[in-house]
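Novice: Shown below is the structure under consideration.
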């Protein structure tokens, strides 16, 4: 038996829930629970006693039908094909692109924003307010999609994100902008969470690796493009377009989503969906206590990580008490989820306790957490190093990160082929990604402290990019192989949330390392006032004498290398976490079923 949920390992390897079964029988009957069939879809037939489904015809042609587990065995999953699949994929990619851009695009637009709104002392909150809600709502959206449906929750997320993006662009002072950014992050969180959850529900299992590679490539591309686009916008037009361009993009994504899938996704049309939505029984399923506690715990820890060493010293009462309170709330959340999981009631726990006993889930969570550290550190700090140490512009710094930008999506595409076409066990590609990531980070940390750019630096970026590409896509590919369908959404949400949390902690660690290194070493040749000025803004380095400027930039190079050396330890930890995923016969992506006769 598998150590996951009591399912036979063979079932998980070859035929996970929802695996399509081909047949040549034809019928135009639709299940009562499914409502009407949509054109350009492939339906999942109702399971019979011999585990073979009845077949649905589609315009006198044979179609694939699927039999699998769901919360209600009478529901039939409808896979998308044709224009509906292309429209849905476009909607997911576009919305994911926009929401992910917003996590990094303000990094190069920040100076222009605070100068225009006269709020330099509140600049950090433009980033923090987005991150606290972006991180806190990931698992909440995942669980609510189980209850209220993916389409409704994603439309809600896109609407919130788009409306408050426009509000951010129209802001005339810092306080409204910070508040609107928090709501924008709430919408962006739902987009990120649901775009990964919907992939295994919209295509058959054998196509999942291909489509998750598309989503992972979009995520990585947008993460790296953010600073480049932010710099280009602020250099050639007003900073307000950093937010305004989400308006038409968000509207287009919402329209594509609205017309490509039914509200009862992935189970086809149903005239009972909105009636069920209004029922008290459905609302009783929501774990309001777990949602509130997990959200508060996430917000507090992100606040402490973002503001520690910036607005408040790390040892201050504000930061220490925030960390302690967050820890207490996380303990309370764990205790509540365990209690709720043991109850035989209607309310569904945010994080089912059975997943804690699943070593594969724990392995994926640990791997995602540790991978988040070097991933975000590389995305943010490599462009900063080019700007601060090598004196390049924001756009030029972005261009110099192209090896990282281009190789990551390439790795996800290769990974999709390896896992889905060649059926290489995802564990192997995860180990490959972790190894490349570790080698790349290690080599980058060995760069000489100099204001000149070593050509080898681009090679190190490429190696890191390949590692990140393999890692980030494989983690999501493995989730459907280690959990049942009823736990798929919450596990996906947990993996994405803990990866974002790891990245946020990684950035906080890097910031602390840089500040401490500069404070410790710069006092040897700068006054206390000069040290404070260069920590306030790296642009102030230009106010120093020529000789001191060069020495200061070399000092920053030392600090950036130290950051990567520490990130190397987390990369190694991500490889060690794979021990929890090891098994005698590593599971593979399901093979495409052969058509009968």
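The backbone N, Cα and C atoms fix where each Cβ goes, and this holds for glycine too.
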Novice: Looking at 73-93, 241-261, 262-282, which one is transmembrane segment according to Swiss-Prot?
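Specialist: Here Swiss-Prot associates transmembrane segment with the stretch 241-261.
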Novice: Tell me which residue from 72, 471 Swiss-Prot records as N-linked glycosylation site.
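Specialist: Record lookup in Swiss-Prot returns N-linked glycosylation site for 72.
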Novice: If I go by Swiss-Prot, the feature transmembrane segment sits on one of 402-422, 528-548. Which?
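Specialist: Checking Swiss-Prot against the ranges 402-422, 528-548, the transmembrane segment one is 402-422.
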Novice: Using a Cβ cut-off of under 8 Å, list the residues of the same chain at least 6 residues beyond the transmembrane segment (316-336) that approach it.
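Specialist: Here the qualifying positions are 289-290, 293-294, 296-297, 300-301, 303-304, 307-308, 350.
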Novice: Count the Cβ atoms, other than its own, that fall within 10 Å of the Cβ of residue 390 (N-linked glycosylation site), considering every protein chain shown.
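Specialist: A 10 Å sphere around the Cβ of residue 390 (N-linked glycosylation site) contains 17 other Cβ atoms.
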Novice: Are there at least 3 C-beta pairs under 8 angstroms linking the transmembrane segment (360-380) and the transmembrane segment (147-167), leaving out pairs fewer than 6 apart in sequence?
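Specialist: Contact absent: fewer than 3 Cβ pairs fall under 8 Å.
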Novice: Are there residues at least 6 beyond the ends of the transmembrane segment (562-582) whose Cβ is under 8 Å from a Cβ of it, and what are they?
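Specialist: That would be 359-360, 362-364, 366-367, 370-371, 373-374, 377-378, 381, 427, 430-431, 434-435, 437-438, 441-442, 444-445, 471, 478, 502, 506, 509-510, 513-514, 517.
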Novice: Determine whether the transmembrane segment (463-483) and the transmembrane segment (120-140) share at least three Cβ pairs under 8 Å, counting only pairs 6 or more apart in sequence.
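Specialist: Counting Cβ pairs under 8 Å (6 or more apart in sequence), the transmembrane segment (463-483) does not reach the transmembrane segment (120-140), since there are fewer than 3.
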Novice: Taking a Cβ cut-off under 8 Å, which residues six or more beyond the ends of the transmembrane segment (120-140) line up next to it in the same chain?
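Specialist: Hits for the transmembrane segment (120-140): 102-103, 106-107, 110, 113-114, 174-175, 177-179, 181-186, 188-190, 192-193, 291, 294-295, 298-299, 302-303, 306-307, 310-311, 350-351, 490, 493-494, 496-497, 500-501, 504.
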